[in-house]
């Protein structure tokens, strides 16, 4: 019996990104390096466990997964830590558990399970799919976590499109969504509205709502071609750049390691995404695995695009983590689970 082989290029790209993440943290927040290494260890263990699990087992239990996470989202509102008015985390002994981040791989399993029955897509099945998508999305939005909610929304539409759903119906949904945008503005919280205003006009309040955005651009520019060097960051170490180890970790990395370091990180992401695309082509006859891989690709690609775009001032500030570079246990472990399932049988 042939042994299931792992994709070496995916592993090497993850190792490379983790090394950059560790050295970046060593230069700007060495006190957090031990935690980051522990997150990588937990992520590696999670990757191994889910790599060994058969996808069919996960598919057979997608209903259990759905209700488990709905319960976790509700629990987050009850016992979750309140950080700046947001309840997104459940405090564990060694780190904060962000429910929306951990939900990503299991959301893909649930959606792939429902959408892979497209050849018998009854009205009842369609309703079940909508409920399985809208209910957790609504709970994530209420936390509030607009960045994650938009990531789930975009990934859902990608999955629906590749599941063979009617393009005409998708176009109708898209048009209705565009028409509802003016109403969506009024349900955003004031700070979310200000972020969008600041993105549209960076000079509107340089010491207020656009401060983070402007400082990120300054930080990247100060790195030059080769960077200031490990531990020699001025923007991060002197706290000119807020959230320099999480939301704006890429800017901190470029300041330390320059354009060359930033380009190397983007190249590693490109390798990871390219190998996922190759896996997708190999699974075209297995709609469930095919959709799961597409979802994995979309989540990682969106995270990279949105976070780096935000750091470069090309997109509004959303708080979306950069996989393996932004400090955070939930992001690391969730991404490793996603990849473990993507590479499993």
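Even glycines carry a Cβ here, placed using N, Cα and C.
Positions annotated as transmembrane segment by TrEMBL: 7-26 (among others).
The transmembrane segment annotation in TrEMBL covers 32-50 (among others).
As annotated by TrEMBL, transmembrane segment applies to 62-80 (among others). Residues 87-91, 99-100, 102-103, 106-107, 109-110, 113-114, 132, 135-136, 139-140, 142-143 of the same chain lie 6+ residues outside the transmembrane segment (62-80) yet bring a C-beta within less than 8 angstroms of a C-beta in it.
The transmembrane segment annotation in TrEMBL covers 92-114 (among others). Residues 35, 38-39, 50, 58-59, 62, 65-66, 69, 72-73, 76, 80-81, 125, 128-129, 132-133, 136, 140, 143, 145, 148, 152, 155-156, 159, 288-289, 291-292, 295-296, 299, 321, 328-331, 333-334, 337-338, 341 of the same chain sit 6 or more residues outside the transmembrane segment (92-114) yet have a Cβ under 8 Å from a Cβ within it.
Residues annotated as transmembrane segment in TrEMBL: 126-142 (among others). Long-range Cβ contacts of the transmembrane segment (126-142) within its own chain (Cβ-Cβ under 8 Å, at least 6 residues beyond either end) map to 66, 69-70, 73-74, 77, 100, 103, 107, 110-111, 114-115, 148-149, 152-153, 156.
Residues or ranges marked as transmembrane segment in TrEMBL: 148-165 (among others). Within the chain, the transmembrane segment (148-165) has long-range Cβ neighbours (under 8 A, six or more residues past its boundaries) at 100-101, 104, 107-108, 111-112, 115-116, 118, 121, 133, 136-137, 140-141, 287, 290-291, 294-295, 298-299, 302-303, 306, 318, 320.
The transmembrane segment feature in TrEMBL is assigned to 170-188 (among others).
Taken from TrEMBL, the feature transmembrane segment applies to 257-278 (among others). Sequence-distant contacts of the transmembrane segment (257-278), counting only residues of its own chain at least 6 positions beyond either end whose CB sits under 8 Å from a CB of the stretch, comprise 7, 9-10, 12-14, 16-17, 20, 23-24, 220, 223-228, 230, 250, 293, 296-297, 300-301, 304, 308, 323, 325, 342.
Summarising the annotation, TrEMBL assigns transmembrane segment to 290-312 (among others).
Counting residues 6+ beyond its ends, the transmembrane segment (324-343) has Cβ neighbours under 8 Å at 6-7, 10, 14, 17-18, 20-21, 24-25, 29, 32, 35-36, 38-40, 42-44, 46-51, 53, 55, 58, 89, 95-98, 101-102, 104-105, 108-109, 245-247, 249-250, 253, 265, 276, 279, 292-293, 296, 299-300, 307 in the same chain. Per TrEMBL, transmembrane segment is recorded for 324-343 (among others).
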Same-chain residues near the transmembrane segment (7-26), Cβ under 8 Å, at least 6 residues beyond its ends: 32-33, 36-37, 40, 230-231, 245, 249, 252-253, 256-257, 261, 264-265, 268-269, 271-272, 275-276, 279, 323-327, 336, 339, 343
Long-range Cβ neighbours of the transmembrane segment (290-312) (under 8 Å; 6 or more residues past either end): 55, 104-105, 107-109, 111-112, 115-116, 147, 151, 154-155, 158-159, 162-163, 213, 216-217, 220, 247-248, 250-251, 266, 269, 272-273, 276-277, 279-280, 283-284, 318, 320-323, 326, 335, 338-339, 341-342
